[in-house]
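**Q** The (6S)-5-formyl-5,6,7,8-tetrahydrofolate binding site feature in Swiss-Prot is assigned to Arg25, Glu87, Arg126, Lys457. Look at Swiss-Prot and you will find 233-238, 252-258, 277-280 tagged as GTP binding site. The K(+) binding site annotation in Swiss-Prot covers Asn233, Thr252, Ile254, Thr257, and the record cites sequence analysis as its basis. According to Swiss-Prot, the feature Mg(2+) binding site maps to Ser237, Thr258, an assignment based on sequence analysis. Taken from Swiss-Prot, the feature domain 'TrmE-type G' applies to 223-377.
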Amino acid sequence: MITREFDTIAAISTPLGEGAIGIVRLSGTDSFAIAQKIFKGKDLSKVASHTLNYGHIVDPQNQEVLDEVMIGAMRSPKTFTREDIIEINTHGGIAVTNEILQLAIREGARMAEPGEFTKRAFLNGRVDLTQAEAVMDIIRAKTDKAMNNAVKQLDGSLSNLINNTRQEILNTLAQVEVNIDYPEYDDVEEMTTQLMREKTAEFEELLTSLLNTARRGKILREGISTAIIGRPNVGKSSLLNNLLREDKAIVTDIAGTTRDVIEEYVNIKGVPLKLIDTAGIRETDDLVEQIGVERSKKALQEADLVLLVLNASEPLTDQDKQLLEISQDSNRIVLLNKTDLEEKIELDQLPTDIIKISVLHNQNIDKIEERINQLFFENAGIVEQDATYLSNARHISLIEKALESLQAVNQGLEMGMPVDLLQVDMTRTWEILGEITGDAAPDELITQLFSQFCLGK
């Protein structure tokens, strides 16, 4: 693979702030030469590739030593970008990493754009678009299962599936072309209407099966959106804090203290649960609280799971009954809190599968996690170890468009259209799938995607 010609770029690859180590990364033809200008140690042009080399970063203008470093020297093409890469490992800190970055830029490097290292890896054929996107998914993964799914995508699980499907579609199109251009070739099977119907059904089944993983993939990537609802002061925020095992929401005895929607994540069996602590849903004249209530209602409508909290020490109120009614069609778990107090709630008016808890005394909180696991994981088989899951909205949209093109082929077949006239829609399916891997993606899309990456990646 011949890499494209680019100027040499540089960026800080570690988070800005104090830390044990900071890394300034360079990529491009002049990486070694630029690093050598500011490095006092071994001659980098002579060191073996993929080695760490001890020395100091020195300002060539005044010979001031900036830091004691280890330099990682990696020669193309066996690097992430398939270009020469230098990684300067410094002591962590904002000042020292910035000083070294500015030195590299002064000596000939250019400040990298967000995601430019990964973009070069894509443009140089090191990764395709799905693998590049997987890099960001790994960075943003909140649990081990989300990370594992992203790692599989980085390893090419989705790419291989899409590429194999595209190849089968291309073979079908080639067969049609041969039938049209060389009808005298008896050794090539004729693409009959029936055979085209079978091929189309095969492609549809494969893409539909992949699309059906989108819900699971979304959960792995974004978490189970979980709204904690209940009238004011029944213990919603205390439950949130208990699940998180830290204080993040405001907990007081004053009704209405949660005036907004608070979002936090908790790890349930390796899958992120996005907990949304809502303001108590009640009528109020307080404008700020009204906004929180409206957001709570919206969160309830959009939630994958609803945790409805009721107060066991009080009879059911009209608000409780309203919440039971509006959440009955949701994926819901009803929680009876404050069971350490005298029970006054009417159990005969509640669902039979309630969970009795005491947030104050941390009683039966583990049963909530068990019920969530049953609802989403055990019953639904949510996460299979070796499966490939669609988790990217762009991929999902393109698979849906590809299926629409295949449905157009089917409609044409039902109408009795000749096979050769259906090539347009079949070709469109092939092109759409190419947008997923980047083989047929427009430059504007590629630029937009990589602009979402962080600097230094």
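From the backbone N, Cα and C atoms, a Cβ is placed for every residue, glycine too.
Remember, predicted model here, so these are calculated numbers, not experimental data.
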**Q** Return one of helix, strand or coil for Lys236 (GTP binding site), based on DSSP.
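**A** The residue in question, Lys236 (GTP binding site), is helix (DSSP, three-state).
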**Q** For Glu87 ((6S)-5-formyl-5,6,7,8-tetrahydrofolate binding site), which of the binding-site residues Asn233, Lys236, Ser237 has the nearest Cα in space?
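**A** Checked the binding-site residues Asn233, Lys236, Ser237; minimum Cα distance to Glu87 ((6S)-5-formyl-5,6,7,8-tetrahydrofolate binding site) goes to Ser237.
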**Q** Taking just the CA atoms, what is the gap between Arg126 ((6S)-5-formyl-5,6,7,8-tetrahydrofolate binding site) and Asn233 (GTP binding site) in Å?
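**A** Cα-Cα, rounded: 55 Å.
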**Q** Using a 10 Å radius around each Cβ and counting other Cβ atoms from all shown chains, which of the binding-site residues Arg25, Arg126, Lys236 yields the largest count?
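**A** Checking each of Arg25, Arg126, Lys236, the winner is Lys236.
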**Q** For a quick check of understanding: among the binding-site residues Asn233, Ser237, which residue's Cβ has the most other Cβ atoms within 10 Å?
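**A** By the 10 Å Cβ neighbour count, Ser237 comes out on top.
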**Q** Sorry to bug you, but what's the C-alpha spacing from Arg25 ((6S)-5-formyl-5,6,7,8-tetrahydrofolate binding site) to Ser237 (Mg(2+) binding site), rounded to the closest Å?
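**A** On Cα coordinates alone, these residues lie 44 Å apart.
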**Q** Looking only at C-alpha atoms, tell me how far Asn233 (GTP binding site) is from Arg25 ((6S)-5-formyl-5,6,7,8-tetrahydrofolate binding site), rounded to the nearest Å.
**A** 52
**Q** Compute the C-alpha separation of Arg25 ((6S)-5-formyl-5,6,7,8-tetrahydrofolate binding site) from Lys236 (GTP binding site), stating it in Å without decimals.
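**A** Rounded to a whole number, the Cα-Cα distance is 46 Å.
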**Q** Taking the Cβ of Glu87 ((6S)-5-formyl-5,6,7,8-tetrahydrofolate binding site) as centre, how many other Cβ atoms lie within 10 Å?
**A** 19
**Q** Would you mind giving the whole-number mean pLDDT across the domain 'TrmE-type G' (223-377)?
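**A** It averages 74.
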